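First comes the structure, then the notes that go with it.
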Amino acid sequence: GRGRGRGRGQMTFNVEAVGIGKGDALPPPTLQPSPLFPALERRAAPLPGGEEGEYMLALKQELRRAMRGLPYFIKPGAPRRDIERYSDKYQLSSPVDSAIDWNPDWRRLPRELKIRVRRQRKGRTAPLIPKQHVALDKEETIKKLESLEKKEEEVTSEEEEEKEEEEEGKEEEEEEYDEEEHEEETDYVLSYFDNGESFGPDSDDNGDEAVY
Amino acid sequence: MTQAELRLCSLLLQEHFGEIVEKVGNSLLRTGPRPLRLLVGDTGLLPDQVKKALCVLIQHNLARYEAQPRGSVEYEARSERILRILRYPRYIYAAKTLYGDPGELLVEELLLHGHLSMSRAVARVADRLTETMEDGKTVDYSEVSGTFARLADTHFIQRCPTVPESPRSAKAPAPPAPALAVAEKDMYVVPRPSLVGKGKRRQLCDKEEEGERKAKRQKREEGTSEAPPDDGIYWQVNPERFHQHFRDQALVAAVASRTDQTGGEVVRTMLRMSEVTTASGASHTQPLSSNEIFRSLPAGYNVGKQALDQYLALLADDPLEFVGKSGDSGGGTYTVSILWGELDLHKALASLATSTLEFGSRCARIFRLLLRKKHLEQKQVEDFAMIPAKEAKDMLYRMLSENLVSLQEIPKTPDHAPSRTFYLYTVNMTAAARMLLHRCYKSVANLVERRQHETRENKRLLEKSQRVEAILASMQATGAEAAQLHEVEEMITGPERQQLETLKRNVNKIDASENQVDETIFVLESFIESTMKKP
């Protein structure tokens, strides 16, 4: 136990050896945690500037900005809104979680990571499976198509075949779709239903805008 | 993994890959390797989201997987690799200084995408370079692939482990460990497909998007009707090699400050000659004869053979032992000592900086004294450092409490009686280094959080300014008058502009600080790693 009674305050080692002389006042005990922002005794040295530093700074911010735009940056799905609006049907919503927007080499990844997107619309499975000329990497193409479907609204089967022929043999997934080309079931341009939520396009080449 | 490291990894993942990846990464880092379903349960995310996040992490070499004997696959996060994200700008800048713009862009593309095949990397870089050139000019693929080959030859990029040839019936075809060993000698072998082509420029029309799409379709139709010739061979950046490069730079700088520019050049030449022949983690380079060195000196330096020998002798005699003489054949062979243990002083200077800032220059004096003399008693410290007893005590205790110095007991009598024991202060390099490193991780994490906070606070203003920029850009494209442009500019008021300015300045300062701290992290990490490698 602590030193109680006789010889209170004695330590196990010779206090003088460490430098606390007899009768020296020890600092008072601390009764609270140390302050969150202790006072700065001296200012920090200035950052090294120079061309190299500036360039690396720009690189860093550019990297951050670029990575946000890549498909590797997974944004959580758009939150469900409280009321279903008519324009929702025609919104080009951002890709839903279950689709993967880039094409990894599936040979290098464990099989279980491959996402089998469930089809919500009827009758899709039938026309696709018997097609032999999609054989190259059938699963991959099907998945591509599925993810494309997610980005669009209802697609009829004729247009699917049309899409397939276009997609065949192409390596990269086509992300931007010309809305006028693949319009279905409405005569209106899709942007007609813009409900003003996204104002102003993201300008891609604003290279000199600092990234925050 | 310390809390500080975990927190930093979390922040880095969140900034660069989003919250979903952050959650998955966090779970893996905190609890170690686990299979998919446990991850799903732990993070509370949808299974598809977790799968996507894992794909991203594996793609960027931030996580790996291993097939377990029972058939399940376990995933593991690689924390040290995640922390490297801080250093990406430094890698890119190094590539720029060594190999110019194509090199810079190649490394940047590889870092952005994790790994890429050569054909894709070259195509992308050529396109990017073409865009920056004037109209009509394009960049040929051969130029870029030449740089790619050079990067591979000097080991700055390496091949990823490949899938074995035979198809496996296992549920999780992972590239097994042996495949990596085989690839060791192939790791830097560049496939030589005939990459013919030029960089393509985006067609600019009125509707830029439409033009973009057209150009993309064009590209795709032309180039890739069948699988590219180097299908399945992927390349990634080799961070170890970059670290070696940084270390060499530090060495050269240290030598140059000891002797002069020429001395630095001599050592740089020696290091360059032994770049690829030195095994990583070796303590010395291969011995190089002074004749060889003389032949390899860069042309601009007219250093005579005699002068070279003098420099080598001078460096070899230097107590810091940068260069060691290892033999006499060929006019004397020399090695460069590259073990970080020898760069004690360099690292000590880093700690010194901390001491100075936190504790003052007198503490730094005590610290340096202890480094030199190894063990000192309390009284001796006061005498040698010429600091009054009270203050010396105070400083020593503070440093002791921060683990920068430690106490060594030397008993005079077998019963270790305190009055009859020597208590010596000493510096334990490794402990001090670890403590400082921990502090560094904490600092960077704090910096990142502060930066995010600043950005969040001004989010509304930032968005507004971005919108105004977009409107201005589109108006300028359609040829609006100056008055209209001015009107739009006015949408951002004066005080708001000032606020934006302040924000920009703060964010830049914080970013620059992060880069700075990362440099210190590099030095400390390399030092600790080298002490762990010692037998």
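Including glycine, each Cβ sits where the backbone N, Cα and C put it.
A TrEMBL annotation is a machine prediction, not a hand-curated record.
Listed in TrEMBL:
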type	residues	note
DOMAIN	B:8-65	domain 'RNA polymerase III subunit RPC82-related helix-turn-helix'
DOMAIN	B:147-336	domain 'RNA polymerase III Rpc82 C -terminal'
REGION	B:199-234	region 'Disordered'
COMPBIAS	B:203-223	compositional bias 'Basic and acidic residues'
DOMAIN	B:358-427	domain 'DNA-directed RNA polymerase III subunit RPC3 winged-helix'
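Taken residue by residue, the domain 'DNA-directed RNA polymerase III subunit RPC3 winged-helix' (B:358-427) breaks down under DSSP into 39 helix, 15 strand, 16 coil.
Remark: secondary structure over the domain 'RNA polymerase III subunit RPC82-related helix-turn-helix' (B:8-65) totals 44 helix, 5 strand, 9 coil, with classes taken from DSSP.
Note on the domain 'RNA polymerase III subunit RPC82-related helix-turn-helix' (B:8-65): mean pLDDT across this stretch is 89.
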